[in-house]
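Worksheet for the structure shown next.
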């Protein structure tokens, strides 16, 4: 889940205690939708789908997508999160505690409940707590998920249709399982939230991506392109993937749950090694900022400060911990990037696959005109040795999570231009 401001915190780390909560009596809602694909007789070949993204790193702190759910389909804004598996909506079941959200709360019906004995319920519980128990196979599938930014959602797993337009021009409506969250706290409860819920795109079987693959709608590939200017696009399937031009590294099983990880990387700044031991790195679109463990963070800060010109002065800014001001307020990162050097991550598992992180991928300019470091000390928020690459570092490059081939790829791309399928002008 995307972290919020003051102070920013990473997504994806979950501490869960399943509760034996029962969904209140069913309320009137949409008629049930049968599973499967509409308008399709034989098993279809997997296609792809592309969606526009909204939001930015600053000042909104997240990227989100509009998904059409239910019958008839209704739009919901979902926070794009590759750092967690479960997709969930704030839900009128009725709601015990919900935020103010952009759209009317999703309303379930009893016949959409996923039973506790279902394989997806078992996978969900196994991924969160490592255990799964049903008092009765007919019980509903309850969940409680907690995030490192102190947000949480308690709810029940339901099935409903998702309407998707594919690259082959067909429209499909697979019935997918997701969370109906009727008791949660995410962000500020006094303001209208930017989103109605979370789009979980991790590698677990309850992930929306894995379910679409099980339905043979798309291949088990997801990618995103987050624009530095705001917006971008998200895609399911591999039709847009520039396999021959992207940099690839094999996926490594992270010690920290189902994170997407290309393994350990050595860290360089301005072409020189920072002298820290290789750091395990994970990719998480649900984190606005990037987090380094204490040792690489402190080495980076020392190198940054040692190379800055005297025209930059360290200044206090409520937005982030480490900021600088110039002789006059900065209007954008382009005004100050020449004062900073690029970071490089060298991944040992990808035959020295390199990811360059230029200043615009680790700095933001705040409304006060200061340049602030968007890489934070993860050890201070309980991440220990985990290093998270968040949205700020993934801006203006396509990042591909290819679960079919077990690899992660990245390539610089014009993320503010939503591609058309079959177009050679994507990159």
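Backbone N, Cα and C define each Cβ position, glycine as well.
Feature annotations, reproduced from TrEMBL:
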SIGNAL    1-29  signal peptide
DOMAIN    63-411  domain 'Peptidase A1'
ACT_SITE  81  active site
ACT_SITE  284  active site
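Note: the Cα of residue 284 (active site) and the Cα of residue 81 (active site) are spaced 7 Å from each other.
If you average pLDDT over the domain 'Peptidase A1' (63-411) in this model, you get 93. Neighbour counts were taken at the CB atom with a 10 A radius for the active-site residues 81, 284; the maximum falls on 284.
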